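Take a look at the structure set out below.
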Amino acid sequence: MTVEEVGDDYTKDGTVDLQGNPVRRSIRGRWKACSFVVVYEVFERMAYYGISSNLFIYMTTKLHQGTVKSSNNVTNWVGTSWLTPILGAYVGDALLGRYITFVISCAIYFSGMMVLTLSVTIPGIKPPECSTTNVENCEKASVLQLAVFFGALYTLAIGTGGTKPNISTIGADQFDVFDPKEKTQKLSFFNWWMFSIFFGTLFANTVLVYVQDNVGWTLGYGLPTLGLAISITIFLLGTPFYRHKLPTGSPFTKMARVIVASFRKANAPMTHDITSFHELPSLEYERKGAFPIHPTPSLRFLDRASLKTGTNHKWNLCTTTEVEETKQMLRMLPVLFITFVPSMMLAQINTLFVKQGTTLDRKVTGSFSIPPASLSGFVTLSMLISIVLYDRVFVKITRKFTGNPRGITLLQRMGIGLIFHILIMIVASVTERYRLKVAADHGLIHQTGVKLPLTIFALLPQFVLMGMADSFLEVAKLEFFYDQAPESMKSLGTSYSTTSLAIGNFMSSFLLSTVSEITKKRGRGWILNNLNESRLDYYYLFFAVLNLVNFVLFLVVVKFYVYRAEVTDSVDVKEVEMKETE
């Protein structure tokens, strides 16, 4: 290889090895490195969903908690698991770097899994058994037992906070957007990334859930713990092949500086003279594998932060690029807010949807019964099929009409997912109304622990539709927040996606408790321990209306959203999307 060829072989996006040396694309990165990351994600998702998918069943049958309390405990924990990535993104972007942050978080994650497995195994800290189907008559778990169990759960949540935002960004960092070939490969990365996630989830929702229901919780939690150990080992084996990006400073501090500086100069007269605004020379950015961002007309009040007036203190004067990066993170907030409602719908899968399944006939054959939580596997299976069809069929067809390499824009893809969510809750409401009719027809409304003469597969449509919705909304959401985030804030951008799920779960807890209390005071409660006495159909119909209102707000947000564009080879895709939204 000639000197010129060696020079061209080095990445142009500022990626380095762990020692900080420039890296060659023929040795590190691309799909060779991503293969370790993707396989890690398969096993890690198997571990995580091996716990979360059946957690509602464990809390109702082993901790002897009621429907509302169990649902809220699950959604509060899941919400925390999705919220801690904000802290993980901060540490990865500003302090330790993504790789080191990820490895330390893996150790915390694994310790939580180990203690959780012990909490369902050792007699002294394992909750007492109960033979009755009425949880109100069962002996409650002791304070010590609850402390160990929930302590392990939330330790696990802290660990995932450092892994979730950094692992997907590490994977995306393996592709240099300045190289046309790697730029093209990166366009499909998020689709296959989600494919790996839901493949691991499918195994958890089927095999692991069956083991937990039919063999025991010790093995049922021990296998996910082993899976996590395997996933961490696989990731570490790929270390010689990874590209890394150096920490670029706290994105939160950078955004705070811009906001503070703009308020300090609130009375300063504005100008359109570009020389009046502070910016570093282009060479400063090139040395870091970055580039300056030109001023944009939106959120003009923030431009004062880079106005050359007053002192040059960093909390009084920012660069134009820092201002534009802050603008972009703020511009994405309305889109983030729109995703909260569909995230609430996802929270129903492993709580109320599963609770419905416990009341139905679960027999598939004479001797085999499907665990209620395994219905979540149909969400996964539906999504896997939908992603492949989307990537291989839908994109190719729509690309011919739109000229967009993605087929349609990311926001258009989100919009289709939002329409699916309206349909899902209508279908769920109709199905629940039919389930209540079957209970009434057979005189089983006031019976607990008795299975209705209705197959559990009556719930299948709402699970399948949820998977189809995810193939549009969840994939687009992850890619949108990564793609639209500035280069120095990619992990923070990715954490927007996890924040959406966190807030959605917390909102689900709040709404479930509120609706349950209000409806009980006004007569027949909508959500009771005995679902046959509840009106879950009304609750789902309320969700359908909520999704419809949310979709209308989404249309307003899309109308005013301006896509981010940067001076890189990857701008081609964004230019097409900007033209389509004009």
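Every residue number used here counts from 1 along the chain in the order it is shown.
Keep in mind that glycine also has a Cβ here, set from the backbone N, Cα and C atoms.
Note that the structure is a prediction, hence the values are computed from the model and not measured.
Residues or ranges marked as transmembrane segment by Swiss-Prot on the basis of sequence analysis: 77-97, 100-120, 141-161, 189-209, 217-237, 334-354, 370-390, 408-428, 452-472, 493-515, 538-558.
Counting Cβ pairs under 8 Å that are 6 or more residues apart, the transmembrane segment (141-161) and the transmembrane segment (77-97) reach 3 or more and are in contact.
Long-range contacts of the transmembrane segment (452-472) within the same chain, counting only residues at least 6 positions beyond its ends with a Cβ under 8 Å from a Cβ of the stretch, are 194, 198, 342, 345-346, 349, 353, 356-357, 359-362, 370, 372, 375-376, 378-387, 390, 413-414, 416-417, 420-421, 423-424, 427-428, 431, 434-435, 438-439, 442, 444, 532. Counting Cβ pairs under 8 Å to the transmembrane segment (538-558), the stretch among 217-237, 334-354, 370-390 with the most such contacts is 334-354. Taking pairs at least six residues apart, the transmembrane segment (189-209) and the transmembrane segment (370-390) share three or more Cβ pairs below 8 Å and count as touching. At the 8 Å Cβ cutoff, the transmembrane segment (370-390) and the transmembrane segment (493-515) share fewer than 3 close pairs (sequence separation 6 or more) and do not count as touching. Using a Cβ-Cβ cut-off under 8 Å and counting only residues 6 or more beyond its ends in the same chain, the transmembrane segment (77-97) has close neighbours at 48, 52, 55, 104-105, 150, 153-154, 156-158, 160-166, 169, 244-253, 347, 350, 488-492, 494-495, 498-506, 509.
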